[in-house]
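Enquirer: Just dropping this structure here.
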Amino acid sequence: MASSASMLINYPTTFCGVRNSSNPNNDQFSDQINIPSSLNNNINISKITSKTNKIIPKAVASPVIPSSINSNNITTTTPNIKRIIHEFDPKVPAEDGFTPPSTWYTDPSLYSHELDRIFSKGWQVAGYSDQIKEPNQYFTGSLGNVEYLVCRDGQGKVHAFHNVCTHRASILACGTGKKSCFVCPYHGWVFGLDGSLMKATKTENQVFDPKELGLVTLKVAIWGPFVLISLDRSGSEGTEDVGKEWIGSCAEEVKKHAFDPSLQFINRSEFPMESNWKVFCDNYLDSAYHVPYAHKYYAAELDFDTYKTDLLEKVVIQRVASSSNKPNGFDRLGSEAFYAFIYPNFAVERYGPWMTTMHIGPLGPRKCKLVVDYYLENAMMNDKPYIEKSIMINDNVQKEDVVLCESVQRGLETPAYRSGRYVMPIEKGIHHFHCWLHQTLN
């Protein structure tokens, strides 16, 4: 393993979980960048020639925009979907009510409806501003069945596109890097960082309007360390009030913890799991109800008598003081841990010198992937043993949660389970999440 002094720390991959790579065909058009290894290879982290023609003059990005993630569907709302949604009643007090039915976590048609109603509306975290802090940098990712590409052009403007070539639908770029343009690996079509079609190979004898073949754009905004995208074409770009548009009235509370210039990205860990994305969210929001039973080491770090959960519009904030008796004398959490879950699938955590973000990406009715990004205060960046142990502890917690979530998913698939009950008030965060889901899906 390389020493910390010689190791280059960078974003090793993106939410899509694709390894950093580029097609060799791109070499003739693009600036190259060396993608470094991750912080610790011992930690179980999932990393993720055409003849060209003349430049097509005055090409601009295409104005053709799909209306939603499920752009092939006029609507995903069917009588069956309505029935499934209304099997949960948010008006019934949680103490007396039942949890959503198992079909919320297993039905393929409801999953398609979620992509349309939840993930194609409003802002979603796509990546981090450090990934595109320099001109010509880019990163890629996925959200449901949408592949996206975010870049900063040579003039410093940030763009976001569907990461799909407009010729024959090939995925255009992979991973992260730095390029002066994007070259399709299939037929060598070349697109500028503004999405315009610059070159189309072997088209000398054809006439077509390049304006209709630029990359399909997405709304994009930067809020502090976060790069946000939206598939919803209604409204403004939201670059000034995007925090309030995304989170609501508690944007300042999240900003207070996440906007810290002393923090530096240090590592990414990925955890694919065979469960519905909402199973993980439910698990995250149970106010540590499961922690004493499933996470022995983590439980020893916490003072459960101080645990507090606040419901704030689209955010559920959990706070807990750390235990005075640190396991083996190792202090990872500092005096208090702060966990902010942002509807529908993102969390910001602050504890000790750390910030971690959690992104749970839906991949299907019974499949999702958790991406955990670690940020550390600059003063601790040279303490390699502390860094490795802290990441190992937190990664082990996520691995334990993967086992739990996959077990729950198997149980949801059985005929024995229909709905459950809430244990209040400890599961009020879960109920709040379910009420938001019902409102959005309805």
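Cβ atoms here come from the backbone N, Cα and C positions, even for glycine.
If you look up Swiss-Prot, you'll see 1-58 marked as transit peptide, on the strength of similarity to another entry. Sequence annotations record features per position, and here Swiss-Prot assigns domain 'Rieske' to 123-229. Under the heading [2Fe-2S] cluster binding site, Swiss-Prot lists Cys165, His167, Cys184, His187. Summarising the annotation, Swiss-Prot assigns Fe cation binding site to His290, His295.
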Enquirer: Cα-Cα separation of His187 ([2Fe-2S] cluster binding site) and His295 (Fe cation binding site), in Å?
Expert: 51
Enquirer: From the Cα of His295 (Fe cation binding site) across to the Cα of His167 ([2Fe-2S] cluster binding site), what is the distance in angstrom?
Expert: 50
Enquirer: What is the interatomic distance between the Cα atoms of Cys184 ([2Fe-2S] cluster binding site) and His295 (Fe cation binding site), given in whole Å?
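Expert: Rounded to a whole number, the Cα-Cα distance is 46 Å.
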Enquirer: Which state, by DSSP, holds His290 (Fe cation binding site): helix, strand or coil?
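Expert: The three-state answer is coil.
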Enquirer: Including all protein chains displayed, how many Cβ atoms other than that of His295 (Fe cation binding site) lie within 10 Å of its Cβ?
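Expert: Total other Cβ atoms inside 10 Å, all chains included: 19.
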Enquirer: So if I measure Cβ to Cβ from His290 (Fe cation binding site) and keep only same-chain residues at least 6 apart in sequence, which ones fall under 8 Å?
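Expert: Asn283, Leu404 - these are the non-local Cβ neighbours of His290 (Fe cation binding site), listed in sequence order.
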Enquirer: When you measure from the Cβ of Cys165 ([2Fe-2S] cluster binding site), which residues in the chain that are at least 6 apart have a Cβ under 8 Å away?
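Expert: Listed in sequence order: Ile171, Leu172, Cys184, Tyr186, His187, Trp189, Phe191.
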